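*Asks:* In case it's useful when we look at the structure, here is the feature table from Swiss-Prot:
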{"type": "SIGNAL", "residues": "1-25", "note": "signal peptide"}
{"type": "ACT_SITE", "residues": "166", "note": "active site, nucleophile"}
{"type": "ACT_SITE", "residues": "190", "note": "active site, charge relay system"}
{"type": "DISULFID", "residues": "245-258", "note": "disulfide bond"}
{"type": "ACT_SITE", "residues": "260", "note": "active site, charge relay system"}
{"type": "DISULFID", "residues": "282-293", "note": "disulfide bond"}
{"type": "DISULFID", "residues": "296-304", "note": "disulfide bond"}
{"type": "CARBOHYD", "residues": "365", "note": "N-linked glycosylation site"}
């Protein structure tokens, strides 16, 4: 190139090049923004793992600080003297940020003085579910390496609490497995079922993955795992068909995820409200509804487990039992909390047919009902029902003797008996309240009785 042409090009393009790259003396270097949000992905980008660790603190609960290396953590607002909550989302079909994550983080930080680490693996969880499953081991290793940096700063293993949603629950279990079960706690919010129901203990969440492991099951007949995987396993409303969720396909996407995501909303509600989501150990949901499991003595020595940021779920016995199924009922919307009651009806005389009685609690325009059945040639029938208000706020009970709709099976003979009720857990007979006089019930005709129970 001739010198004249070279000089011409230099003076024409040189200043533009200098302006585009900046100078070390006059232009300040660009800095990363303080707050970082979740990534977005799509099917065209595949499912390559691209993990972000976002730190949220009590001093700035809405700002996610990107922390990747040890130096990032040391220069952040991370407080090694506080407990650390690690939140791991699950499969993201559309590659979007979880809609619940901001509210979840805020609820945790309001309920606990802690560090919150949100694990953003949207890239690796997008597209095909089975591709996301293949990323679980690699993701678990990345999280484990990140936690090792926290341990170097003086964080104790026992102060780390992993909260995993769906597929994220099994990621948390694998991380706990890498730490030989010495992490403080793992909470699985409806742990994923597909590919994990028959998986080995090393591949899925189980009670050996942390000092305390709990799981909340809300969709065992579809996307959630149906087997117990922790020390305590909450089967909410039996673990499936949650109140308020659509029952038919025409509801579309909401039909698919409503039951599954109810575990997340229950946990948020438990953090935001004082009404306890208390559960009761029982062999089966059917037995629980039948009134066969009224306290928590076996195996918890009366300490009934509760959903939320309660130390070991409120279970303080040693050693901890494993894979204990506990059951609770809820309402159809937040705060979901109910007060469980035992309801009983004692016949004055035995009958030759089964006797069905509908029991309804009424208080402040809120009603709850349950049907109890007294088998033929027996005197007692019982069941468990749920009501949003405590018993002392229930004004009346409505009793209705139900008969068969089939003409040839109708029995119009009135029944006479005594109604009794008690709030769960029923630890002694002093809690039981009975209507003073026997009640005479005509077939199909409701009878209203006042309830007078003192608040304590």
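Using the three backbone atoms N, Cα and C, a Cβ is placed for every residue, glycine included.
Quick one: where do these features end up spatially?
*Replies:* Shown in sequence order, 89, 90, 91, 189, 190, 191, 192, 223, 224, 260 are the residues of the chain, 6+ apart in sequence, with a C-beta less than 8 angstroms from the C-beta of residue 166 (active site, nucleophile).
For residue 190 (active site, charge relay system), the count of additional Cβ atoms within 10 Å of its Cβ stands at 31 [all protein chains shown].
Secondary structure at residue 245 (disulfide bond), taken from DSSP and collapsed to helix, strand or coil, is coil. Cβ contacts within 10 Å of residue 245 (disulfide bond), excluding its own Cβ and spanning all protein chains shown: 20.
Secondary structure at residue 260 (active site, charge relay system), as computed by DSSP, is helix. Its Cβ taken as reference, residue 260 (active site, charge relay system) is surrounded by 23 other Cβ atoms within 10 Å in the chains shown.
DSSP classifies residue 293 (disulfide bond) as coil under the three-state reduction.
According to DSSP, residue 304 (disulfide bond) is assigned to coil rather than to any helix or strand. On its own chain, residue 304 (disulfide bond) has 278, 279, 280, 295, 296, 314, 326, 425 as residues at least 6 apart in sequence with a Cβ closer than 8 Å to its own Cβ.
Secondary structure at residue 365 (N-linked glycosylation site), as computed by DSSP, is coil.
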*Asks:* Compile a sequence-ordered list of residues in the same chain as residue 293 (disulfide bond), six or more apart from it, whose Cβ lies below 8 A from its Cβ; state 'none' when nothing qualifies.
*Replies:* 280, 281, 282, 283, 287, 327
*Asks:* About how far apart, in whole Å, are the alpha carbons (Cα) of residue 245 (disulfide bond) and residue 365 (N-linked glycosylation site)?
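*Replies:* Approximately 23 Å lies between the Cα of residue 245 (disulfide bond) and that of residue 365 (N-linked glycosylation site).
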*Asks:* Between residue 258 (disulfide bond) and residue 365 (N-linked glycosylation site), what is the CA-CA distance rounded to a whole number of Å?
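*Replies:* Per the Cα atoms, residue 258 (disulfide bond) and residue 365 (N-linked glycosylation site) stand 27 Å apart.
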